[in-house]
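The structure appears right after this line, and notes come after that.
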DNA sequence: ATAGCCTTGAGA
DNA sequence: TCTCAAGGCTAT
């Protein structure tokens, strides 16, 4: 097996972090984990963990708890069925083509990184600025508005068209958008999997979650309408929303719907409220940003920012009234949207990305770190599998998606998150859906 | 029991 | 013929 001089994460065994020696039982692992997995399966071994079934597995400690080691083997995707019942030696099995594609994907990712293409290292920081510090204020354009203008959920063809009176200089077009039904959203999903990974297709809960998609956009649109009516009632019926207030309302309601979506997703529900809060606290802005990006990629038009209400903001117009930081932000945002559009990223892939952002095991002081990690691994597996099965002709799509995800992580909005109290209140709220 | 090295053999 | 991912062997 050849190794490149600069060892990257891909060269490390996903079980113990040792050097990989090749593809073994479904994925790249080291020689010792290969042997361990083989012995365990061939000899039908059962282990017991003397601790709490969450032992750390690394190169130096991998021998200490075979139970947790084997659990991790399964968790990362090692395939029981690749161990031959008849013990026949040599030859090839059905995983051959999968290894080949995986190799090609990795190669493409490497060349992308080396070639300075779409990489997380060289990508301009879309949202690395602190919007509460750097953004230029113009007229009514409070930073919060700008943050809020970037938030909303996917539009449905039945989106109500809200008419606002922009008191800022932005042009909001209320012409209906040419919405198409979200691609990849139903029947073809997972219908003909080539190489099912153990933890995704055999997990019907995850499958349901991915089919369900992100926050409920219809509910969001209804909420926005209700809030606008409420506002209008408060003004004795003589109130027309400004762009500013419309966007604030959209942002507030989008955040509520995002929390609602997370709170009612099966895997998230299983977490303690303290962990739920930590996760949401760390990623809410990324989720909002991804929502905007998602809508632009799936339904948006060039040069315009499509809002959840179906209205559009002319980006040139917006940029002409904005400071340099916001201009840069808009420009980079457009670049990201363009890249994802070229890759034909579909609704399901965006849903996977939302879950990957939500279930971030790197968030500090998580109590159920292992569980969160395992959910993320499952979603990664499902995303890889889906991407491979739907577009094997477009090699490198998965690595692009992975980079897009890294991109979002690394460019995390540094704005002030909502208070714990608000999150706690939302998380503890009675679940109206059940 | 582990893990590094060896042998095997279907498919490219 | 070569490749490389299976299983096998064996020193530790």
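Placement of Cβ uses the backbone N, Cα and C atoms for every residue, glycine included.
The stretch that TrEMBL tags with region 'Disordered', taken from the ranges A:158-188, A:189-219, A:220-250, is A:158-188. In three-state terms derived from DSSP, residue A:324 (phospholipid derivative binding site) belongs to a helical segment. The Cβ neighbour count for residue A:324 (phospholipid derivative binding site), using a 10 Å radius and every protein chain shown, is 11. For the domain 'Nuclear receptor' (A:10-85), DSSP puts the residue distribution at 28 helix, 8 strand, 40 coil.
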